Amino acid sequence: MILGPGGRIFINHGHPAYPHLMDFLTACCEPVCRTLYVSEYTISPSSLSAATAEGTYSMEMVRNVIRYFRLDEQQQIPVDVERYAALERRVRDSVQDTSLDLPMEVGEAKVSANGDVKAEEGCEEATDELSPLAGQVKKEETKEVAAEPRRRFLSLSKRISAKSEPLVTRAVVNTGALQPLPADLEQMLREEENSSRVRIVLQPCLRPVKRRAVGGDKQHSDEQQCQRAEETKLAYFLTSPDRNHMEHLVSRLQDFLVPVLLHGTRRWVVSDVDRGVEERSTAESGRAKTLRRLFEAPSSASGRSVASKSLTNEGANGDGLGGGVGRRCTRIVYKSQVMDGKMRNVRERLYKELSVRADLFYDYVQDHSLHVCDLELSENVRLRPYQVASLERFRSGNKAHQGVIVLPCGAGKTLTGIGAAATVKKRTIVMCINVMSVLQWQREFIRWTNLSEDQVTVCIADKKQMPGDVFITTYSMLIARRSNVPEMEQSADAKLTAKILASVGEQPWGLLLLDEVHTALAHNFQEVLNKVKYKCVIGLSATLLREDDKIGDLRHLVGPKLYEANWLDLTRAGFLARVECAEIQCPLPKAFLTEYLESQSDGDPFARRGTTRMAHSVVCLNPYKLWCTQALLEFHRNRSPPDKVIIFCDQIDGIQYYAQHLHVPFMDGKTSDMERENLLQYFQHSDNINAIILSRVGDVALDIPCASVVIQISGLGASRRQEAQRLGRILRPKPASLDNVCSYFYTLVSQDTHEISQSYERQSWLRDQGFSYRVLQSDMVLQHFLRTGGKLCCVGPPRWWYECAGPSCDSAVAAKGTYWIPFSQEAALRMQSRFVAGVRGCDLTATVLRDTPRPPELKNMGVEEKWTVCFSDSCAPETFGTVQLVEGNPLLVRRICCGPLAVEHDCLHGGEECLQYAVQQMKVMVAKNSKNRIPLTT
């Protein structure tokens with residue numbers, strides 16, 4: 001690693017030491033830029049706080065990792081990578097197999113059964129091979145310990161304190177490469193190490209100390225029952241080992257704390273004995289123990305453990321060789337109880353006003369309440385390595401750490417959240433962003449756990465169930481403002497909703513899962529953290545990004561970031577699909593460019609940032625975007641097998657505009673939940689449709705594993721989060737086929753507009769994750785489309801045609817194996833308006849049909865003209881329905897279709913009339929929306 005100013009770290013992925021640093025980078029550093037060959041990280045106070053909260057890395061370990069793996073000016077590191085790899089394997093094997101007693105320090109002595117101290121067999125030779133000096137030191141120290149067998153443990157602990165070197169020093173071959181840390185980084189580590197650590201601990205309530213009354217055994221039995229009830233009750237306590245510091249904090253937090261009546265005196269701070277079960281009596285194993293043995297000096301790790309072990313053994317057996325459990329380490333702490341429901345307020349005030357980061361953890365092993373026996377993963381579940389790593393961070397030390405887990409879209413965040421719930425095995429409540437996400441979580445809980453359908457309940461508009469062992473609902477359902485209507489006047493549905501929400505707020509919950517946690521920063525969503533009585537909260541997100549710079553509030557609202565996966569690493573491992581990203585630049589036709597420039601008037605100070613309605617409409621309804629989308633749809637429709645395409649458009653008018661011209665179904669904010677579910681199911685499982693248009697409702701919590709192509713027409717300004725979320729819709733790996741080797745992400749931008757700069761900003765975060773964008777011109781896409789026989793759709797006035805037997809007039813054209821006669825423009829406009837409105841048909845009178853050419857069959861019939869149009873439900877664009885030319889005559893029924901059928905028609909070349917019509921329609925839509933105050937996006 002290369003250490004830069006301000007805690008910046010640059011990593012070369014090709015260096016052989018990179019695999020050994022991945023765990024350190026994930027746990028202790030914040031990713032800034034992770035590309036294919038080089039990554040940039042930063043060490044900040046927040047990342048160090050998250051590392052200490054997770055519990056694996058101490059500041060001494062962080063310091064040693066940087067010192068021993070830092071490149072010097074000659075591009076050399078102090079350790080030999082091969083020796084370090086061999087040492088790491090030995091340590092890992094000794095951790096997994098307790099019979100392999102790898103010494104914690106150089107030359108550790110081993111005590112035999114008869115009390116003699118002997119050098120450990122099998123380790124001396126390996127030690128001498130790694131360091132000749134170590135072997136000599138070992139022999140001398142063995143003699144020293146053997147000389148005083150009765151004080152072997154005390155001598156051993158003294159020797160360790162004198163030799164404070166971590167195991168990683170055995171792999172050092174280039175001592176000249178060891179460099180001191182920069183002053184700013186050393187100061188940062190020292191502040192984190194020496195700062196007063198304040199914790200918020202969920203633990204049993206304080207037991208009242210009472211004298212035993214003279215009243216007899218019955219009263220004593222009642223007191224014992226009350227005492228057991230008090231022990232099972234949990235509460236949050238603000239704890240600190242420094243009494244003065246604690247009293248200072250309490251003086252600023254009395255609004256959220258509960259005083260204790262002790263010996264007739266009300267006290268805000270009480271002392272207690274912290275037995276430290278979670279830190280001292282629980283044996284470390286696995287990853288944490290391996291890392292501590294490698295990078296922590298024996299004086300701070302092994303020495304304490306050996307000394308405490310000697311005290312324990314001597315206390316149990318008297319001769320120092322027993323295996324019983326003796327005295328435990330204790331210490332005095334000072335605590336103050338937090339009011340119910342005010343824990344978040346305490347953390348927020350500590351962080352914002354007092355600059356104190358309070359760690360929060362939940363000892364779910366000691367808590368026997370809210371237990372759900374069936375909440376465990378099914379036998380057929382096999383978690384992926386990164387999911388296991390994230391859950392290890394969550395349950396480090398057999399305690400549930402509150403925080404955020406960041407995994408890419410399509411990487412299995414839902415299953416990871418289910419794994420967290422199965423770890424604590426407590427009643428769980430899940431908060432989702434929308435109804436589709438609620439139903440998805442319900443299906444996944446039933447699929448991956450042993451829970452029955454009755455145990456997993458939901459509360460949405462169309463399906464309301466009382467809370468079960470696992471309860472799933474939306475943020476908006478829980479915090480919605482409801483009118484104060486008398487209970488007698490409420491409907492049955494309103495009463496049921498009130499009953500469910502009251503039950504949610506009254507019942508305690510073991511785990512609160514926040515899906516898409518970056519949305520929980522909104523003011524209303526923060527109310528969820530106060531309304532739900534949870535013991536531990538975990539946030540899940542794919543993009544921990546917000547453009548309002550409030551993402552840092554997650555540190556005190558939810559907790560530190562426990563784990564963040566590398567997108568490129570998951571792609572290389574095959575867990576995510578490989579994605580080809582392209583930016584297609586589309587020029588503006590002259591008429592559209594004129595309107596865009598006119599909207600940049602001096603009278604509107606915001607116009608140059610592209611915030612006017614006209615500017616948004618011009619760049620969204622750009623005809624070149626429409627034609628490029630048509631060309632891309634045709635290209636991916638002809639692949640083997642055909643690709644499923646998602647088209648994203650944020651503007652309301654744009655969604656309907658593209659849906660009408662491309663004949664593709666769309667889904668926006670007005671689409672009902674039932675229609676959304678049916679449309680998505682039809683899109684995933686039907687071969688008749690390969691594309692769908694989505695508004696902003698499809699950005700998050702939308703599971704469409706079949707999709708492999710995204711075409712983005714417009715977006716929410718320069719939102720990096722939206723860009724990443726939309727790309728995440730196609731990250732699910734697909735079965736290999738002839739053409740399906742990767743996924744495709746296209747973003748269409750209008751040249752010479754604000755979209756160029758916004759697009760570059762939107763792509764910045766994905767570029768930092770290793771994705772690259774190819775810049776293409778629309779001419780290249782359209783030339784390929786036209787060369788393969790494609791025909792661009794018309795943006796001019798709607799053209800409707802009816803079928804005829806032959807070329808009975810000059811305007812008849814041959815297409816689709818027959819002849820077609822055009823309707824008049826007035827008739828076409830009426831048919832188009834009815835068709836767009838979803839009406840099943842319309843009548844055309846003689847006045848409307850004035851300029852429409854008649855077929856030969858209607859000549860000299862002498863009847864009043866009234867044509868009846870009936871639109872088709874499912875056959876477009878092959879046929880759009882039928883028209884009955886004469887009422888009651890089934891022989892005069894003709895098919896109708898829409899679109900430019902004339903071969904010579906081309907809006908791209910010489911279609912000025914069509915472009916002018918498109919501009920006029922755009923102006924009408926902008927004026928209508930401005931008058932009705934319709935928002936730009938939905």
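Glycine is treated like the rest: Cβ placed from N, Cα and C.
As given in Swiss-Prot:
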type: BINDING; residues: Leu407, Pro408, Cys409, Gly410, Ala411, Gly412, Lys413, Thr414; note: ATP binding site
type: DOMAIN; residues: 394-562; note: domain 'Helicase ATP-binding'
type: DOMAIN; residues: 627-781; note: domain 'Helicase C-terminal'
type: MOTIF; residues: 515-518; note: motif 'DEVH box'
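Apart from the site residues Leu407, Pro408, Cys409, Gly410, Ala411, Gly412, Lys413, Thr414, the chain places the Cβ of Thr416, Ala542, Gly728, Leu731 no farther than 8 Å from the centroid of the site's Cβ atoms, the recorded ATP location. Less than 8 angstroms from the CB of Leu407 (ATP binding site) sit Tyr386, Gln387, Ser390, Lys413, Thr416, Leu540, Ala542, Tyr563, Glu564, Ala565, each of them six or more residues away in the same chain.
DSSP classifies Ala411 (ATP binding site) as coil under the three-state reduction. Sequence-distant neighbours of Gly412 (ATP binding site): residues of the same chain at least 6 apart with a C-beta under 8 Å from its C-beta are Arg384, Gln387. Per DSSP, the motif 'DEVH box' (515-518) is made up of 2 helix, 1 strand, 1 coil. Taking a C-beta cut-off of under 8 Å and a sequence gap of six or more, Gly410 (ATP binding site) has these contacts in its own chain: Leu576, Ala577, Pro705, Gly728, Leu731, Arg732. Sequence-distant contacts of Pro408 (ATP binding site), defined by Cβ-Cβ distance under 8 angstroms and a gap of at least six in the same chain, are Ala542, Ala565, Trp567, Leu570, Leu576, Gly728, Leu731. Around Ala411 (ATP binding site), taking its Cβ as the centre, 23 other Cβ atoms fall within 10 Å, counting all chains. Taking the Cβ of Thr414 (ATP binding site) as reference, residues of its chain lying under 8 Å away and at least six apart in sequence are, in sequence order, Gln440, Trp441, Glu444, Asp515, Leu540.
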